[in-house]
Amino acid sequence: MPNVLFSTDTSAETRRLLALAWPVMLTSLNWTILHVTDVIVVGLVGAHEVAALGASRSLTFIAIVTGLAWLSGVLVHAARADGAGDLPRTGQVLREGLVLGLLLGLVVGGVMLAFANAMLAGIGVAPALVAPAGRVVRVMALTYPPQLMIVAASFFLEGVSRPRRVAVVNLSILPLNALLAWAMSGGHLGFSPMGAVGAATATAIASGLGAVGMIAAALSVPRATERGVRRLDLAAWRGVPAGIVALAVFGIVPAIASGLELAGFSILIALSTRFGDDVAHAFQIVFSVHNVTFGLALGLGSACGVRVGNAVGEGDPKAGIVRALIATGLSMLALGLCGIVLVVARGPIVAAFPADLATHGVALAMLPLWAPFILFDGAQVVLVYALRSLGDQVVAGANSIIAYFVVTGGAGWWMVHAGVGPMALVYASGLGMVTAALLHAARFWIVRRRLHID
């Protein structure tokens with residue numbers, strides 16, 4: 001470990017990382033609360049509606065996470081350009097990212113509209129849930145163009161160290177989404193009760209408004225003129241097609257990896273429906289709680305990606321290694337504390353989700369088994385961001401595929417069919433998290449040695 005890690009520079013870098021991380025944590029928490037709110041308000045309608053919502057997410061989560069990872073080059077390229085002091089290049093990255101996000105959203109949304117039921121059946125969703133879950137997926141398909149443009153603008157703002165703007169926009173639409181989800185799912189405020197479809201419709205409306213707000217935040221960023229973010233002339237847009245290709249090439253392996261990573265968890269979600277509505281609902285509760293803690297790691301991962309990208313842009317990748325080590329330590333500390341809270345306070349946490357006693361009983365049994373593994377999840381997500389910013393996104397992607405698609409998905413499928421029972425879903429999840437942390441740590445060590453850091 002480099003001696004600089006123990007110098008006075010460590011505290012300054014820690015403060016810098018935390019300053020970049022907390023707005024992203026709030027943003028991640030915002031989206032998590034949005035999804036948790038859906039589970040809660042749809043749970044008031046009935047367990048079958050929550051099961052349909054959960055089954056739909058076995059597809060919709062894959063799609064949005066794949067698109068998000070495909071746009072990861074926006075953050076990396078913006079951070080590198082910002083670190084190098086090339087402000088016009090940061091504006092060019094924004095233009096390229098917005099167009100790529102729109103194109104990806106149209107393609108992904110079109111596929112979801114056309115093949116929702118067939119894909120749900122193909123991944124093993126219980127036959128009785130295919131039709132209701134398919135209706136939710138088709139509504140969610142309309143959200144992908146605005147959501148991926150939100151992602152592109154967000155990554156630009158994070159890359160130029162302006163994550164607070166992202167948090168402000170996302171938090172501003174949360175109350176509206178929650179109100180609409182409650183009203184549309186349960187039939188309040190003059191709406192007809194639509195269950196899970198109502199919650200999806202609320203998300204679609206909020207996504208459209210969020211896209212307008214996030215793009216406006218990007219266009220009004222400080223030093224906007226120097227960055228050229230509002231340029232409409234032909235010269236500014238002439239290089240966009242080539243830039244889109246470069247961003248797409250950078251992001252294709254992370255996209256495949258993230259899609260397959262979440263596919264592993266989606267396999268578990270689909271398998272949970274085979275144990276009945278109570279287990280499917282309970283697994284959604286545990287998964288929702290996990291997403292809250294994961295948001296903390298995601299914030300530190302984003303901050304790490306920005307600071308490592310800055311170091312690469314500055315021509316000092318060795319400094320990026322030190323920054324990544326600090327961020328990894330912070331993430332493991334934060335997630336370790338969260339794990340303790342999940343075990344000690346699991347009763348009140350689970351009770352916050354409306355459900356019957358059987359559902360709560362399963363969730364209470366799952367949560368303490370799940371909690372220790374999130375320590376590894378905290379480490380792996382930060383290391384992924386670091387490896388991407390160091391230009392090693394291909395190997396990082398391969399590691400994630402092995403850990404979450406092969407290990408999590410494969411182990412879950414095998415254990416469920418071997419008769420392990422509902423806890424197989426937890427064991428498979430944990431195995432994937434541990435595998436990912438070990439593989440990414442090994443790769444990071446190799447990259448570190450290549451940079452001749454003792």
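Please read every residue number as a count from 1 along the shown chain.
Placed from the backbone N, Cα and C atoms, the Cβ positions cover glycine too.
According to TrEMBL, the transmembrane segment annotation covers 20-47 (among others). For the transmembrane segment (20-47), the residues of the chain that approach it from at least six positions outside its boundaries are 53-54, 57, 154, 158, 161, 163-164, 166-167, 170-171, 174, 177-178, 181-182, 185-186, 193, 195-196, 199, 203, 206, 277-278, 280-281, 284-285, 288, 291-292, 294-296, 298-300, 302-303, 306-307, 327, 330, 352-356, 359, judged by C-beta separation under 8 angstroms.
What TrEMBL records for 59-79 (among others) is transmembrane segment.
Per TrEMBL, transmembrane segment is recorded for 99-130 (among others).
Cβ atoms under 8 Å from those of the transmembrane segment (166-184) belong to residues 23-24, 26-27, 30-31, 33-34, 37-38, 41-42, 154, 157-158, 190-191, 194, 198-199, 201-203, 205-206, 209-210, 213-214, 217 of the same chain, restricted to positions at least 6 beyond its ends. Taken from TrEMBL, the feature transmembrane segment applies to 166-184 (among others).
Taken from TrEMBL, the feature transmembrane segment covers 196-221 (among others).
The transmembrane segment annotation in TrEMBL covers 242-271 (among others). Sequence-distant contacts of the transmembrane segment (242-271), counting only residues of its own chain at least 6 positions beyond either end whose CB sits under 8 Å from a CB of the stretch, comprise 54-55, 57-59, 61-62, 65-74, 76-77, 92-93, 95-97, 99-100, 103, 123-125, 280, 283-284, 287, 388, 393-394, 396-401, 403-409, 412-413, 416, 424-425, 428-429, 432.
Same-chain residues lying 6 or more positions outside the transmembrane segment (283-309) and placing a CB less than 8 Å from one of its CB atoms are 13, 16-18, 20-29, 31-33, 35-36, 39, 50, 53-54, 75-76, 78-80, 82-83, 158-159, 161, 163, 265, 268-269, 272, 317, 320, 323-324, 327-328, 330-331, 334-335, 338-339, 342, 349-350, 353, 355, 359, 362-363, 366-367, 370, 374, 377-378, 381-382, 384-386, 388-390, 422, 425-426. Taken from TrEMBL, the feature transmembrane segment applies to 283-309 (among others).
Residues 1-2, 4-5, 10, 13-14, 17-18, 21, 289, 293, 296-297, 300-301, 303-304, 307-308, 311, 367-368, 370-372, 374-375, 377-379, 381-383, 386, 444, 447-448, 451, 453 of the same chain, all 6+ positions outside the transmembrane segment (321-345), place their C-beta atoms under 8 angstroms from a C-beta of that stretch. The transmembrane segment annotation in TrEMBL covers 321-345 (among others).
Per TrEMBL, transmembrane segment is recorded for 365-387 (among others). Packing against the transmembrane segment (365-387) from elsewhere in the chain are residues 282-283, 286, 289-290, 293-294, 296-298, 300-302, 304-305, 308, 320, 323-324, 327-328, 331-332, 334-336, 338-340, 342-343, 346, 349-350, 393, 395-396, 400, 403, 422-423, 425-427, 429-430, 433-434, 436-437, 440-441, 443-444, 447: each is 6 or more residues past its ends and has a CB under 8 Å from a CB in it.
Here TrEMBL flags 394-416 (among others) as transmembrane segment.
According to TrEMBL, the transmembrane segment annotation covers 422-446 (among others). Using a Cβ-Cβ cut-off under 8 Å and counting only residues 6 or more beyond its ends in the same chain, the transmembrane segment (422-446) has close neighbours at 264-265, 268, 271-272, 275, 279, 282-283, 286, 324, 362, 365-366, 369-370, 372-374, 376-377, 379-380, 383-384, 386-387, 392, 395-396, 399-400, 402-404, 407-409, 411-412, 415-416.
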Within-chain partners of the transmembrane segment (59-79) [C-beta distance under 8 Å, separation at least 6 from its ends]: 89-90, 93-94, 96-97, 100-101, 104-105, 108, 111-112, 116, 119-120, 123, 136-137, 140, 144, 147-148, 151-152, 155-156, 158-160, 246-248, 250-252, 254-259, 261-263, 265-266, 302, 305-310, 313, 388-389, 393
Distant-in-sequence neighbours of the transmembrane segment (99-130), which means Cβ under 8 A and at least six residues beyond its ends: 51-52, 55-56, 58-60, 63, 66-67, 70-71, 74, 137-138, 140-152, 240, 244, 247-248, 263, 266-267, 270-271, 273-274
